[in-house]
Amino acid sequence: MATRGRQESRVGPCGPGAARAGNAERKDRCLGVLSNLSTITDMGGLDPVWLFIVVGGVMFILGFAGCIGALRENTVLLKFFSVFLGLIFFLELTAGVLAFVFKDWLKDQLNFFINNNVKAYRDDIDLQNLIDFAQEYWSCCGAHGPDDWDLNIYFNCTEPNPSRERCGVPFSCCVKDPAEDVINTQCGYDVRLQKELDWQKYIHTKGCVGQFEKWLQDNLIIVAGIFVGVALLQIFGICLAQNLVSDVKAVKANW
């Protein structure tokens, strides 16, 4: 059994040996990165990958219009660039205001997203790495605490659960031992079978939602500075485009 476990870890769910292993389910997981993301985000079947495609397309069009418009001194492209950039700035400003007004709704959506990620922890290797990174970076475990891992079929504490990870948590929830050079991936096994007061000796007991909010508050100046910097760059781009349009029109008027 131990040999088989080591063999599966070498093959990996998306490793080169997946096809040789003859596991159809494992091959299906390798067909796309975060293939179950649309289910996790509950976007009604809309794959969030399209969001990245749209954003990339908008950036390409905007860059093309600004670059060619400036090189060729084309006022139509320059006006398109400035208006399009102004529209993006307005949408960002609107989104910021709505996020502040509906912050409770956003918090609920964050809870929903994390809990769905917890359920699908073993379904996608990239999603698993993302969750592990978040839990390690913010020193947290689950959305509100370690008991959120009861939502996962491998970690839940129900009696019929045959998983070896029953009543445990992922290794990313564990408190790191500075003396350990190698990560102990089994450090979270059976930890929730102990008394709740003893959990903090072995794992992080704070939820990721609370830790994320704390991180935002601690880095509020940096986060706000980034948003203000991006906004200033957009305004600067609009001003440059309009100034160039005015210069081109002034030169043409003297012809």
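Note that Cβ sites are derived from N, Cα and C of the backbone, with glycine treated the same way.
Listed features, source TrEMBL:
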REGION    1-22  region 'Disordered'
TRANSMEM  49-71  transmembrane segment
TRANSMEM  77-102  transmembrane segment
DISULFID  CYS140-CYS173  disulfide bond
DISULFID  CYS141-CYS157  disulfide bond
TRANSMEM  220-245  transmembrane segment
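If you take the C-beta of CYS140 (disulfide bond) and look for same-chain residues 6 or more apart in sequence within under 8 angstroms, you find ALA134, CYS173, HIS204, LYS206, GLY207, CYS208, GLY210, GLN211, PHE212.
The disulfide-bonded residues examined here are CYS141, CYS157; by Cβ neighbour count within 10 Å, the least packed of them is CYS157.
A simple way to gauge crowding: the CB of CYS173 (disulfide bond) has 28 other CB atoms within 10 angstroms, across all the protein chains here.
Among residues of the same chain six or more beyond the transmembrane segment (77-102), those with a C-beta under 8 A of the stretch's C-beta atoms are 58, 61-62, 65-66, 68-70, 227, 230-231, 234-235, 237-238, 241-242, 244-245, 248.
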